[in-house]
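Before we start, here is the structure in question, set down as structure tokens.
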Amino acid sequence: MLLFSSLPVLLLCVVTASYSEIKTCEDAQKTCSVITCGIPVTNGTPGRDGRDGPKGEKGEPGPGFRGSQGPPGKMGPPGNIGETGPLGPKGQKGDPGDTSGVEAKLANLEGQIRILKSELDHVKKLQTFSLGKKSRKKLYVTNGEMMPFSKVKTLCAELQATVATPKNAEENKAIQDMAPDVAFLGITDEVTEGQFMYVTGGRMTYSNWKSNEPNDHGSGEDCVILQRDGLWNDISCSSSFLAVCEFPA
């Protein structure tokens, strides 16, 4: 009974005490920069990151300096060839060149030519014994082939020689001794019938005709051959006889 009669008094004391504490905190907040009132608590864990916001607009160029020049790019394909430009003006006359080197080379070349000429003379001497026959300043050679007169002329011309043409008894004998068979001579009357001429030009000055020759038998015998006995006979130029060429010795 006593407990129930004292209950109102106890409630009043609790309320009064709580009010006094709240009042004290409010007064303290007015005079202190930081005062913790009530029961102290700890901070919670950080929350999750929020979603990315929308993309912003492009900003203005910054005030930074221009960077250094980059490396050159790859070479492009070659272009088309342009048109030829106009002819330039004539240049000034140059100074005279140094000919001392040229003169030395020329002297050396002349020396080599002399050596070659000496060797060529030696070869000609060998040919005299192995391929031909020499008579004074002429060398007669043959390849041993039989052919028409036109081909004999061509062959000798290619060798820078002429068809063998004896102009005296000594040369006639030299050709006779060298030729193993009947041979053409460089004498014809193709231009004027009956008037025999040298193929190199000029009228014939020496002859050694066989008896009753030339007779132009059957007409068309415009060429001359040297028989094995050394006598001459006129014959058709289309016939084939030994080719003998004449070189200056």
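Yeah, the Cβs are placed from backbone N, Cα and C, and that goes for glycine too.
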The disulfide recorded in Swiss-Prot for CYS245 goes to which of CYS32, CYS37, CYS156?
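In Swiss-Prot, CYS245 forms its disulfide bond with CYS156.
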Which one, CYS37, CYS223, is listed by Swiss-Prot as the other cysteine in the disulfide with CYS237?
CYS223
Looking only at the region 'Calcium-dependent carbohydrate binding' (213-221), report the model's average pLDDT.
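A mean pLDDT of 77 is what the model gives the region 'Calcium-dependent carbohydrate binding' (213-221).
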Tally the residues of the region 'Disordered' (41-102) by DSSP class, grouping H, G and I as helix, E and B as strand, and everything else as coil.
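Counts, helix then strand then coil: 3 helix, 0 strand, 59 coil.
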For LYS58 (O-linked glycosylation site), just count the other CB atoms lying within 10 A of its CB, please.
6
Provide, as an integer number of angstrom, the distance between the C-alpha atoms of GLU213 (Ca(2+) 2 binding site) and GLU221 (Ca(2+) 1 binding site).
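It is 11 Å, counting Cα to Cα.
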